[in-house]
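According to Swiss-Prot, the signal peptide annotation covers 1-17, on the basis of sequence analysis. Feature annotation from Swiss-Prot assigns methylhistidine to 18; the stated evidence is similarity to another entry. Among the features that Swiss-Prot reports, N-linked glycosylation site is placed at 221, with the record citing sequence analysis. The compositional bias 'Low complexity' annotation in Swiss-Prot covers 250-263.
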């Protein structure tokens, strides 16, 4: 009875759970970056049984990649701004960082998971331009994604607890899924404890929710990573997908022999020891007024960990009215992947973040030791 009352009150008040996959960037997020999806966090499957049974709901038209009724977009097929190519490449066996964004006005706790379907024929139905899968095909794909859950417990050293809002014996009492903090505690935002607007949502600003997953030893030139979040408070489920590529794991080193040979020189495009850190120059064309400055804030310590007071400032030494360029060079660890935004700081200390979804950058692993990122304020 108590559960029914909670559901009824939540729906009556118009409050809805809101969130979407942001790293790797989902189809939903890409369409939001381009502009047409004005509420990426509104891709909701509702009303359905979301708790305590996490997998009993049929996905219907939402499919494993989501349908946003607010903007009438079905993400189970490629669109003009998403789905034509992978946004990231993994190797089988990789441990990868993943992240989603929960809206400040729609954090209803619960549990979430990441899945990969290894039936390429089913996935191809979600990759074919101009083809909209039927609801039966969407459900078949969803069943495959459920079978391909990437357990939290597959990543060594990762904390994989049980939901504080679930009890032993309930279907939600499992730790292969990831859990938010308790609904009476800090909910999903408590996973990272990131500041407000650490990721983009259109309603009330978002908080990042980060985890790590282990990529299966499976090879596909184009497949999908499906994210699913089951709300504790409301009868709602979130489903979004990112287009990814998975290559074969690195081959094992051949067994050693007694043969003596002279080490080969590195090929011209490589080197014996790639740089451990890279001096990355960020160049942002940002029009400012007298007294304003520009900083770069992001999800890693070198960018202040989303703390604007600790974010490094850019220099206006090359700024002109025709070329409003702000620059800075920061030493970053090779291979690091992070989210970031430029922020405009008033002389009063007030801060304005760029609009839209967070930018994402991966520091190159090579011998140059330098890299440049050219952007413009958005």
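The backbone N, Cα and C atoms fix where each Cβ goes, glycine too.
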Given the recorded positions 18, 221, and counting only Cβ atoms in the protein chains shown, which has the most within 10 Å of its Cβ?
18
Do me a favour and check the Cα-Cα span between the residue listed as 'N-linked glycosylation site' and the residue listed as 'methylhistidine'; whole Å is fine.
31
